[in-house]
Amino acid sequence: MRRSGGRLGRLLVGAAVITATGMSVPTAATAAPAGTTGETENYLVLFKGSSSPRDAESIVTRAGGTVVANYAEIGVLVARSNNTAFDETVRANDKVEGASATTDFATRLETVEPDQDGAPSGPQPGDLPNAPATDADTFSPLQWDMRQIQAPEAHAITGGSEAVVVGTIDTGVDYRHPDLRANISDAHSANCLGGKPVPGAAAADDDNGHGTHTAGTIAAASNGKGIVGVAPNVQIASIKAATAEGYFFVEAVVCAFMWAAEQKIDVTNNSYFVDPFLFNCRNDEEQRAIWKAVQRAVRYAMQEGVTVVASEGNNSEDLSHPSQDRTSPDYPPGNEVEREVTNACVVLPVELPGVIGVTATGSTVQDTSAGQYPDNLKSFYSSYGVSTADVAAPGGDSVFFTPDSVNGRVLSTYPANQPCTRSKQEPTGEPTYPVATYCYLQGTSMAGPHVAGVAALVISRFGDLETPQNGKLRPTQVEQLIQQTADPQSCPETLPARYETVGAGSESGTPPTCQGGDGHTSWYGTGQVDALAAVTNDRSNG
C-alpha cells in the first residue's frame, strides 16, 4: 500500500531526539564544550518535571542557543543554534531530560491513493440521480459520507454555533476558498512551522491541499454552492504544522497544541503522525523523548478544554498488537530499518490517553465493484486496534466502492492552485477567485474530520456557550456522548476474498483481523459516528 504525501527535496526539521538519563551535573558546570560553528538548526529541549525551570532560557543561552519558544507550562523549549555542541551542552544540565537537533527526519500525510494495487479507478465524478435526502448545495448529492452519518438530518436541529471553534492541525487552510472563508477565524489561526506561532489565517495558508480538504469536511458553509460540512456554522482555525511537502515536525506539533490551548479552541483534528518514527517505543531514549513532548502538549490542551480527534493511519495495521515497523525512520529516504515493535511502542498522537481515535469506513451499499460485502466495512487501508479505535467514520474506499459514492472517495474543498487527480469545479463569478475546486480523496485523514465536526455539533448543542471555555463540555463528556450515540458495528462474519489480500501492504504483512464483541470492536470502536443521534443524544434516532 502506498500513502500519498510529499517527499522532501531538502533537509527539514524533524525529531532526532537524544535523551540525557542518569546525568547529574551541576548547572554551573555546563559551560559549552569547544564546539564549532555549523548550520543553524532547530532544537527541542525537554526539561525534567512538568514545567520549565526559571532559568530555562539562560540554560539555552549559555549553551550558545537562541530561544524560539518556551512552553514553560509543559517543560518544553524550542531553540536555534549554530553551535555543533549545543545539544551536548544542554544535555549535561541536571535540569534537562532530553535535547534534540530536529533535522533530517519527516513524516507523511495520512491520505492514500490505492489505484496502483490494481483496484478499479471507478467511474469519473458525476451527479447522482435519485440520491437520498441531502443538504442543498451544488455537490451535496455527491456527499455519500454526510448521508452515511446522518449529517443532513442533524442540520435540521443544529448546524453548529459560531461560538465553537475547530482547529485543523494540518498543512494550513485556503482561507480564500468561497466555501470556507466565511467560517475561517483569523484570530484563532496560526503558522507553527518554526515551533513558535505566527498568528493569522494568511500566515497559515495551505500550499499542499490536505488541510483545506479536512477543513471542508468539518465546516464547509451551507451557502447553496459546493459542499456542506458536518458543522457548517462553526468557525475553523487553521493551525499550520506541516510544510508544502506534507511533513510534520515535533516542535510544530507541540506548538499547535499549545496554541489551541491558549486560544481556547474547542476541538482539534489531527490527520497525521509525528515523525520520524511511525511507532515511538518508550524503551528507546530518543523515541521516549518525542513521546513525552507530544504527550505533555496534548495533555495540557485537554486540561484547557480541547477535545482531540486523531486518525488511526493508513497502514492496515493492528495498533493494539504491533509486531513490525518497516518504514522508520522515514527520512532521509533509504534509511528505514525493519524492526520489531511491541505494545510499548505507540503512534502519535492517536494512541495518547484521551484522544478520540478514528478508523475509516467505505460506503454502506452492499453491491460493489468487487462483489457483495458487509455494510460499513472498514476501509481496506485503515489501521485499527481494540485499545485505540474509539469510533469509525467515512474515509472512503476505492477498492470496495458503491454506486452512491461515485468513486469511493470523499469530496471536499481544495485549493484551486493545487493539483487534484479527481476533482469538481464550480464557477464563482468572482474575479479574484473565479473557480472553486473540490477534490476526491480517501484515507483516515478524511474520516477524522467527520468526528471532529460531530464533536463541534455536540458542543454547540449541549455546551454552555455563554460562559468561558471551562463552562463548556469537557473533552471526556464530548467523547462519551459521541461513543454512546455511535451506530454499533459488529465484526463481519465473512469478507470478500479480495479483502483478504489488502493486508499485504501493512507493517506486519498480514490480513486485517477484527476483534471484540458487542459494544466495542477493533475495527469500529463503539460504532460509526452518527451526527443525528449525537445532537439528539438519542441512539434510537440512528
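Using the three backbone atoms N, Cα and C, a Cβ is placed for every residue, glycine included.
TrEMBL has this to say about the protein:
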ACT_SITE  Asp170  active site, charge relay system
ACT_SITE  His210  active site, charge relay system
ACT_SITE  Ser445  active site, charge relay system
COMPBIAS  318-328  compositional bias 'Basic and acidic residues'
DOMAIN    162-489  domain 'Peptidase S8/S53'
REGION    113-138  region 'Disordered'
REGION    312-336  region 'Disordered'
REGION    501-522  region 'Disordered'
SIGNAL    1-31  signal peptide
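Note: the region 'Disordered' (312-336) comprises 0 helix, 3 strand, 22 coil (DSSP; helix = H, G, I, strand = E, B). Residue density at Asp170 (active site, charge relay system): 32 other Cβ atoms are found within 10 A of its Cβ, drawing on all protein chains shown. Looking just at the domain 'Peptidase S8/S53' (162-489), the mean pLDDT is 92.
Cβ neighbours within 10 Å of His210 (active site, charge relay system), excluding its own Cβ and spanning all shown chains: 31. Every protein chain considered, the tally of other Cβ atoms within 10 Å of the Cβ of Ser445 (active site, charge relay system) stands at 33. You'll find the Cα of His210 (active site, charge relay system) roughly 9 Å from the Cα of Ser445 (active site, charge relay system). On a Cα basis, Ser445 (active site, charge relay system) lies 10 Å away from Asp170 (active site, charge relay system).
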